[in-house]
């Protein structure tokens, strides 16, 4: 009896193996299978944004100037959302709205849907890139899990919220001042700052900043001296194998400061991961609620008492009046197609007027 020893070999010219070998080859910039999604989508999203902010007006969608060509600067230029009348149309270049006319497509706001969708898939591609690389070098996938938080915020704000409203028109435009205007809109129409999910998001982001500052300062404070350089960057060898800071010293320091301290690095770093990621996830969940017009906290008893008693006022009732003012002024400006006209007596007036 003859026994053949060896490994079963597939056909040499297997297309998948050829692609896999080329995509995952060790090179300066890793491509990978995720790169097939990431690089084209990121290229188109950034290219669309630069094109829109440089050349394309928002006159036909918002009645605004929004490009460098019209005199805007980096803070005021934007790729603006399509008109409200276009509802949730994908605004494909070859669709019934633009009918293949690139100029008309830009005028209708087609670049916004182009940037939003390619941007979302580009971010997802970047997360998959982290999964793929982590698997290749046998790391756990916590980087990718952490990056899911900003993806959740992007998708909820730019896609899910306008899908719950009457159209893409109510999403943020892609620009600095445009995002600020959207924040004011969220406050006036949804009382967003009093929403518990927003509160959790703020706690997560600011808490993460505090943790990051404390952690960096503590590590710097407890570094061992192993060189004669004048400063941190010259005194330490970045390629040394051993740790160069003292967890024990750091633990004792914070135990004396607060009475409690992290006892091991895994729990410390997991907490630094957990705080911002959970905060962003909660914030994204809150925006999904706003898409369905769920309300924030309402303290109706205070509103009723403030309406009946001119001497009773709280910071809450003052903010409610401010929100009414935002709605009254913003609705007419933001939605000129609705021909909203508010009588002078219903517009809020400051004490100086």
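From the backbone N, Cα and C atoms, a Cβ is placed for every residue, glycine too.
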For the record in Swiss-Prot, which of the ranges 91-107, 108-124, 125-141 is the transmembrane segment one? 125-141
In Swiss-Prot, one of 19-39, 187-207, 208-228 is tagged transmembrane segment. Which stretch would that be? 208-228
Which one of 41-61, 62-82 shows up in Swiss-Prot as transmembrane segment? 41-61
245-261, 262-278, 279-295 - the range that Swiss-Prot marks as transmembrane segment: 279-295
Rank 125-141, 153-166, 279-295 by Cβ pairs under 8 Å to the transmembrane segment (41-61) and hand me the top one. 125-141
For residue 215 (plastoquinone binding site) and residue 269 (Fe cation binding site), the CA-to-CA distance in whole Å is 9
If one measures from the C-alpha of residue 262 (plastoquinone binding site) to the C-alpha of residue 269 (Fe cation binding site), what distance in angstrom results, rounded to a whole number? 10
Cα separation, residue 269 (Fe cation binding site) to residue 130 (pheophytin a binding site) (Å, whole number): 18
Chain residues in Cβ proximity to the transmembrane segment (279-295) (below 8 Å; excluding those fewer than six residues from its ends, i.e. six or more beyond): 148-150, 152-153, 155-157, 160-165, 186, 190-192, 195-198, 200-205, 207-208
State the three-class DSSP label for residue 143 (pheophytin a binding site), counting H, G and I as helix, E and B as strand, and everything else as coil. helix
Using Cα coordinates, what distance in whole Å links residue 269 (Fe cation binding site) and residue 143 (pheophytin a binding site)? 12
